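*Asks:* As annotated by Swiss-Prot, region 'Disordered' applies to 1-91, 821-848. Per Swiss-Prot, topological domain 'Cytoplasmic' is recorded for 1-128, 190-195, 291-309, 370-427, 494-497, 675-683, 761-808, and the stated evidence type is sequence analysis. Marked as compositional bias 'Basic and acidic residues' by Swiss-Prot: 24-34. If you look up Swiss-Prot, you'll see 129-149, 169-189, 196-220, 261-290, 310-329, 345-369, 428-449, 470-493, 498-521, 652-674, 684-709, 743-760 marked as transmembrane segment, on the strength of sequence analysis. According to Swiss-Prot, the feature N-linked glycosylation site maps to Asn228, Asn241, Asn469, Asn550, Asn590, Asn597, Asn730.
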Amino acid sequence: MDEGTGLQPGAGEQLEAPATAEAVQERCEPETLRSKSLPVLSSASCRPSLSPTSGDANPAFGCVDSSGHQELKQGPNPLAPSPSAPSTSAGLGDCNHRVDLSKTFSVSSALAMLQERRCLYVVLTDSRCFLVCMCFLTFIQALMVSGYLSSVITTIERRYSLKSSESGLLVSCFDIGNLVVVVFVSYFGGRGRRPLWLAVGGLLIAFGAALFALPHFISPPYQIQELNASAPNDGLCQGGNSTATLEPPACPKDSGGNNHWVYVALFICAQILIGMGSTPIYTLGPTYLDDNVKKENSSLYLAIMYVMGALGPAVGYLLGGLLIGFYVDPRNPVHLDQNDPRFIGNWWSGFLLCAIAMFLVIFPMFTFPKKLPPRHKKKKKKKFSVDAVSDDDVLKEKSNNSEQADKKVSSMGFGKDVRDLPRAAVRILSNMTFLFVSLSYTAESAIVTAFITFIPKFIESQFGIPASNASIYTGVIIVPSAGVGIVLGGYIIKKLKLGARESAKLAMICSGVSLLCFSTLFIVGCESINLGGINIPYTTGPSLTMPHRNLTGSCNVNCGCKIHEYEPVCGSDGITYFNPCLAGCVNSGNLSTGIRNYTECTCVQSRQVITPPTVGQRSQLRVVIVKTYLNENGYAVSGKCKRTCNTLIPFLVFLFIVTFITACAQPSAIIVTLRSVEDEERPFALGMQFVLLRTLAYIPTPIYFGAVIDTTCMLWQQECGVQGSCWEYNVTSFRFVYFGLAAGLKFVGFIFIFLAWYSIKYKEDGLQRRRQREFPLSTVSERVGHPDNARTRSCPAFSTQGEFHEETGLQKGIQCAAQTYPGPFPEAISSSADPGLEESPAALEPPS
């Protein structure tokens, strides 16, 4: 630098700044353990010295901003600063302090952000995190579809006047939506980013769940007409009005009867959306897990996912039983017992809860990549390269296997062209073993579908318990028994190492035993209640038969009763009446327990003791008249008459046994299905079985079971000319029809699994006979070594290891004897036997 230039740096001085910075960095190179573990401390510790030391006579001071430019430079011969200039040491201190703080904050914030992003990336690319999301997704879907909906279906029927066949249609729409998109999702989703497809499916499920709850918010509020103090005679018999007749129900424009099909359409659309959204869960989710984890961990991950799916229905039944114990409108609670048929439970809140939970679960699904990177263990650093190679090898092995499978499938005619699809379908369906086991599995699946859908309704109507308790009993009995049965069936197959033939025999035995156990369900039940005007007459005239059902009689024909609201009362004669008006009751009052008491009931004139009819008198009722004490007319209390039936516990025990034995056959059916086709045909065979199950079991079963159940109804809801839900069933007919149809399906399944077992046996026996014809046994040693020979079974040493093995069983036996008893005699036998034994394989060759 020229002396006349003062403090202005020249071109050569600007080049000295990087050298000074490098010198500062060289003095800061040594790192400590703390600086390595905490990079922020390392960057903050490397600072140039602000004061000259004794060892540095001509120090260079510099202030470098964030852009790397030098603000102040002092050469080896510094000039004295001007009086107006600030102190050099003070300026340098402020500059370095500001730069150090900015560097510290910027570096620390950047490192913290990078660390957070790295942690988030590691979490969202971990197969275990995907497994957790997949488990919750499967759990919520199974909870809502297989458990919660079945537990609240009877409540929805009463609220929106649905028949059992219509509610069965709602259940079937889930599988309809599933069947519509399964080919599209499986084909395009398998080649795309599968977690994204799962997330979109979760969105559809959430929207469908919210849509299912929409009728509660758009329908008129549910109202119950109760007697109050302002109108004490409302709903009672107006005996003074001789011209009063039965009044038809009023039909306002916004009534539920006029909008009946609107609500049904909303339910159907919601179920179809849920079915479409559920398709990727069981088609893309398992394949994504299997393709992105090690082969030895794949089965464990899939087992955890399916266990969560199995727990969903149980929790769904329990959740439904809990929620429908509350009134449907929390803002307007009523004081009604759950046994009152007018009580409607809170059915809609569970769908909103499932929708919210599904929204929370699917957000991480959007972030998972198309392919997860291999996961390595951090603790074992020495084996890092080995682990990486093993993971890559596993993934390469899976891809190679898939490519080889595609080549084999293409060579057999599968997957080449869409036009080959009919030929492939005919090839699969012409396999009698596969066809028989698929039809048997379809019949069993139809029974399971009928049980899951309508068993809460059966328990509620058969034993007269609230819908909430029926749902809880179903969740406690059905789901655990099915889970234990499936696990036991799989354990038996693994423990005994059963093949296709033995697995078919196990399934046949389980089907036969469960068919016999069905007989217990017919005899364990209750009798129908005596409902005045429906299954028992009002008066005791000369004829005690019921030629037709009529709610009116001589005792209530002039009361002007309304018949659109079912408000049962129990008369002192042990008969249940439709409402207090039809019982002929004139006065009412509240008891201390909250139960309403009705007096002066003209239809309850005498106490009738009903005895069971004798054989041949099923249509007649034997009535014993006993005069009522204290008053001429009878009295009644609100609610149905209690039934003396104590068979609920035995029924639940027998139901557990039947479900358990039926579930034991499911793993056997799957094994027979996989073993009955070639390895290359298995994916297409499972797809064909999927279509058979949906079209023959899952879709039609709820509809025709619901239609058959409707035939047992003895009291229908009538609202605005629309026949709504069933108020009372003939529970005896319900029991025989329901379990009779299920037993018929069980018998059909037994026949088909027997045919599947016989077809396997026929094929194996035919193959064995063909081998015997092609390779006849000509020598004594071969006959002794044959597995069917008695000597071979008693002495395994003589059995052969193969058809063309050089060392036969007889030769091994001679060598064993020579080693055990050494001497000239065994050696002579061995040497003389060798030439003959060497020729034995030639005898197995087919004759020319």
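Every residue, even glycine, has its Cβ placed from backbone N, Cα and C.
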*Asks:* Take the topological domain 'Cytoplasmic' (761-808) and average the pLDDT across it for me.
*Replies:* 61
*Asks:* What residues in the same chain, six or more past the boundaries of the transmembrane segment (261-290), come closer than 8 Å to it by Cβ-Cβ distance?
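*Replies:* Same-chain residues near the transmembrane segment (261-290) but 6 or more away: 127, 130-131, 134, 137-138, 141, 144-145, 156, 160, 162, 166, 169-171, 173-182, 185-186, 189-190, 194-195, 197-198, 200-209, 211-212, 214-215, 219, 298, 301-302, 305, 398.
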*Asks:* With DSSP helix as H/G/I and strand as E/B, how many residues of the topological domain 'Cytoplasmic' (675-683) fall in helix, strand and coil?
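*Replies:* Per DSSP, the residues of the topological domain 'Cytoplasmic' (675-683) fall into 6 helix, 0 strand, 3 coil.
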*Asks:* Measuring Cα to Cα, how far is Asn590 (N-linked glycosylation site) from Asn597 (N-linked glycosylation site) in Å?
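*Replies:* That separation, Cα to Cα, works out to 6 Å.
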*Asks:* As a test: from 129-149, 169-189, 345-369, 498-521, 743-760, pick the stretch that has the greatest number of Cβ pairs under 8 Å with the transmembrane segment (428-449).
*Replies:* 743-760
*Asks:* Tell me which residues of the chain lie with their Cβ under 8 angstroms from that of Asn469 (N-linked glycosylation site), as long as they are six or more apart in sequence?
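*Replies:* For Asn469 (N-linked glycosylation site), the qualifying residues are Gly321.
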*Asks:* Compare 196-220, 310-329, 470-493, 652-674, 684-709 by their Cβ pairs under 8 Å to the transmembrane segment (169-189) and return the stretch that comes out on top.
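*Replies:* Stretch with the highest Cβ contact count: 684-709.
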*Asks:* Can you tell me the three-state DSSP label for Asn597 (N-linked glycosylation site)?
*Replies:* strand
*Asks:* Please tell me whether the transmembrane segment (310-329) and the transmembrane segment (743-760) touch - that is, whether there are at least 3 C-beta pairs under 8 Å between them, with each pair 6 or more apart in sequence.
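*Replies:* No, the transmembrane segment (310-329) does not contact the transmembrane segment (743-760).
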*Asks:* Please identify which of Asn590, Asn597, Asn730 has the densest Cβ environment, defined as other Cβ atoms within 10 Å, among these glycosylation sites.
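*Replies:* Counting Cβ neighbours within 10 Å, the top one is Asn730.
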*Asks:* Taking the Cβ of Asn550 (N-linked glycosylation site) as reference, which residues of that chain separated by at least 6 in sequence fall under 8 Å from it?
*Replies:* Gly533
*Asks:* Verify whether three or more Cβ pairs under 8 angstroms connect the transmembrane segment (743-760) with the transmembrane segment (345-369), leaving out any pair fewer than 6 apart in sequence.
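*Replies:* They are not in contact.
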*Asks:* I'm trying to understand the geometry here, so how far is the Cα atom of Asn597 (N-linked glycosylation site) from the Cα atom of Asn730 (N-linked glycosylation site), in Å to the nearest whole number?
*Replies:* 27
*Asks:* DSSP secondary structure for Asn590 (N-linked glycosylation site), reduced to helix/strand/coil, please.
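*Replies:* The three-state answer is strand.
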